[in-house]
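Enquirer: Before we start, here is the structure in question, set down as structure tokens.
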Amino acid sequence: MKLKYFGTDGVRGIANETLTPELAFQLGRAGGYVLTKHAKDDEQPRVLVSRDTRISGQLLKHALISGLLSVGIEVMDMGIVTTPGVAYLVRKQEADAGVMITASHNPVQDNGIKFFGSDGYKLSDELEAEIEVLLDADKDNLPRPSSTGLGSVTDYPEGGLNYTAFLEQTIPDDLEGLHIAIDAANGATSSYVSQIFADLNTEFDTMATNPDGLNINAGVGSTHPEGLAKFVVEKGADMGVAFDGDGDRCIAVDELGNIVDGDKIMYICGKFLSERGRLKDDTVVTTVMSNLGLYKALEANDMHSVKTQVGDRYVVEEMLKDGYNLGGEQSGHIVFLDHNTTGDGMLTAIQLMYVVKQTGKKLSELAADVTTYPQKLVNVRVQDKKLALENQAIKDIIEKVENEMNGEGRVLVRPSGTEDLLRIMAEAPTKEAVGQYVDRIVAVVQSEVGVD
């Protein structure tokens, strides 16, 4: 289902250019109406609203809230809380919906609006389509109460504190004895990390915890973990964790300064849970972009995997369908469904630290089971991406390469979700091998269906 406004993670755009306050107002009206129309008749619906630290968040928040109020919704303004914090608090407060204003790991000029249902899950494609119909309607026929039916705003600053208290009780013991380094990306976790990791009795050092509205994700956080890697070594920490702007991702760094990505975090936590009989069906849910090294490590330890398309919402859908409790993405969106309904960076960090403490092993030792295979990705512009995948010559070269790999590599050819591109990716034991495999497939794609 191709939507006009909603992408894989809400509505995104350049703040005040494509994501305007006018659009935020309309999203408040349309989204608020769709998500609360089934609220009990005897009470006004309630919606939680939060944002990350980017400067445009204030502009968009006020516009969005105005839209919500105009259709008679009571708004609880939480200030700055993480995306997974909103997902948790919607359920705790028994609210009708939650809205997070963020562009996650994107640069400061971008922003977005992300909705959660009363169950704490991101919206289905069908609900998003219903909102879009109202956004594009010739006439706005939604309710416009003029007095008694209008909504009002209540500040809910304790929301963030309730969320951090929840995080701290997701492990049965504290983390005393661990020395950790934390990169908060100058984002939504900045004002919470010191309190949480002090309460858990860690020794900790922090970086990128001083947001100024403009420095969110700027060379720091989960998409730029190199700075944290140096910081860990410099401080002599046992490990480091980096979050992104809205706190739904976590990338770790071991005591030697090596990056421990989402694949390795899933493996480490999955193995720990599996050994204790707490990993449902001994299965981890991943996306097609997870590295072959993860699958080999899972297999070697009698664990299974299920693959979905790219996007943490699809991981969650698969987990719900079959009752799995651990899944995620290489990028650091890790979902612990026993605790929260979406990827949660601080929750992931706490679970990973707990494994390190309980096993008594260094993070580098725990991550060593996963050998990351060299990967190469090339985008090729084509006339028709759907027809390209049905081309016999392309099918033949993919099959030939896969046969040559003989289980020691993999090929993934998939269409771009937004452009007429084929994404050609391969993994193999050496850089030379993976380069040669990809180049051969690219040559056939270009000669058969490529566009100069």
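From the backbone N, Cα and C atoms, a Cβ is placed for every residue, glycine too.
Note that the structure is predicted; figures quoted are calculated from it, not measured.
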Enquirer: Quick check: of Ser66, Ser70, Ser104, Ser416, which does Swiss-Prot put in the same Mg(2+) site as Asp244, Asp246, Asp248?
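Expert: So the Mg(2+) site in Swiss-Prot includes Asp244, Asp246, Asp248 plus, from the candidates Ser66, Ser70, Ser104, Ser416, Ser104.
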Enquirer: Neighbours of the Mg(2+) site Ser104, Asp244, Asp246, Asp248: Cβ within 8 Å of the Cβ centroid, same chain, sequence order.
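Expert: Going along the sequence, the neighbours appear as Asp52, Thr82, Thr83, Thr102, His105, Gly187, Ala188, Phe243, Gly245, Gly247, Arg249, Gly343, Gly345.
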Enquirer: Give the helix, strand or coil assignment DSSP yields for Asp248 (Mg(2+) binding site).
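Expert: The residue in question, Asp248 (Mg(2+) binding site), is coil (DSSP, three-state).
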Enquirer: In sequence order, which residues at least six apart in the same chain have a CB under 8 Å from the CB of Asp246 (Mg(2+) binding site)?
Expert: Asp52, Thr82, Thr83, Met100, Thr102, Ala103, Ser104, His105, Gly187, Ala188
